[in-house]
Amino acid sequence: MILSIESSCDDSSIAITRLEDRAILFHKKISQDSAHSPHGGVVPELASRLHAVALPKILEECAPFFPRLKAIAVTNEPGLSVTLLEGVMMAKALALALHLPLIAVNHLKGHLYSLFLEQESRFPLDVLLVSGGHTMVLHARSFGEIEIIGQSMDDSFGESFDKVAKMLSLGYPGGPIVESYAKEGDASRFPLPLPLAGKKEVAFSFSGLKNAVRLVIQSLQNPPNEQEKRDICASFQATAIAHLIQKCRLYLATSNAPYLAIVGGASANLALREEMERLGEHFGKKLLLAPLAYCSDNAAMIGRAALESYALGAFTSPLELTVRPRTPSLC
């Protein structure tokens, strides 16, 4: 069994994964949404303090598994440095105390392997990764061969939802709230510019779109009413998704990978899933989706990725493991 820890942002999570059949024997996550909601976004220092309280509580429930553990795994990159440290320090202490090997896991690779929590691994694979911190197109040939094709030059897809929700005083996290409002809105009422429309490169930008939403709100004579909020959300979501699809289309036209996937917390957006399904059909690629329960940050996906490292004997010394807020690659 592998005990895995996730604390890269504002979710405290620990999981136990069985080596033989990849079964998840234990998984628990404590969200911090209510604590960060008044601030309209994650406050790193607050998140770190909450991890320091939540992780030990979850770990107590894992004690019965300790005698059968074969390794400890932890997210060490990328993420908020102060929150990553909470998980890494716990993992180091466990590895040393229990005399177990330590596995460092890239958080983004964890999201990729959330696809394979309930199905077999399938490669080669083109992936759209969308979360609160990242927006990327990846090409994965295997566990150790993952190429970053393109990424956002500024805000991420998920982050832009949070910021639009804050502009409209809708609350936090913004993703599910904006999606809910968009379902009842008219996307044609407030036309918004498609980012990087004339650029023939696989890259993303959401800062201009975010500013366009701000200008729409400022153009109204009064603060937006509920229907105007719905219409703004509908227009924003439709434009943001169209931007993703346009850039993915550019790359997929050049790729021979038989599989297409979408991962990350924002991949739970049903409108985006539907558009990706259509995109996959257009290019003759089978769309792979992570279970909705494992789209957001969680330790189960970290454990699943750690199984691959364990099989390769890719361990890290507890005395040498450090956190890396940014990651140059996924290999």
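Glycine residues also receive a Cβ, built from the backbone N, Cα and C atoms like all the rest.
Bear in mind that the values here come from a model prediction, so they are computed numbers and not experimental data.
According to Swiss-Prot, Leu129, Val130, Ser131, Gly132, Gly133, Gly175, Asn269 bind substrate; the candidate from Asp155, Asp162 that the record adds to this site is Asp162. In this structure, the C-alpha atom of Gly132 (substrate binding site) lies 10 angstrom from that of Asp297 (Fe cation binding site). In the three-state DSSP classification, His111 (Fe cation binding site) falls within a helix. The distance from the Cα of Gly175 (substrate binding site) to the Cα of Asp297 (Fe cation binding site) comes to 14 Å. Other Cβ atoms within 10 Å of the Cβ of Leu129 (substrate binding site), summed over all protein chains shown, number 24. Residues His107, His111, Asp297 make up the record's Fe cation site, and a Cβ search at 8 Å around their centroid adds Glu6, Ser8, Thr75, Leu108, Gly110, Ser114, Ser131, Gly264, Gly265, Asn298, Met301, Ile302 from the same chain.
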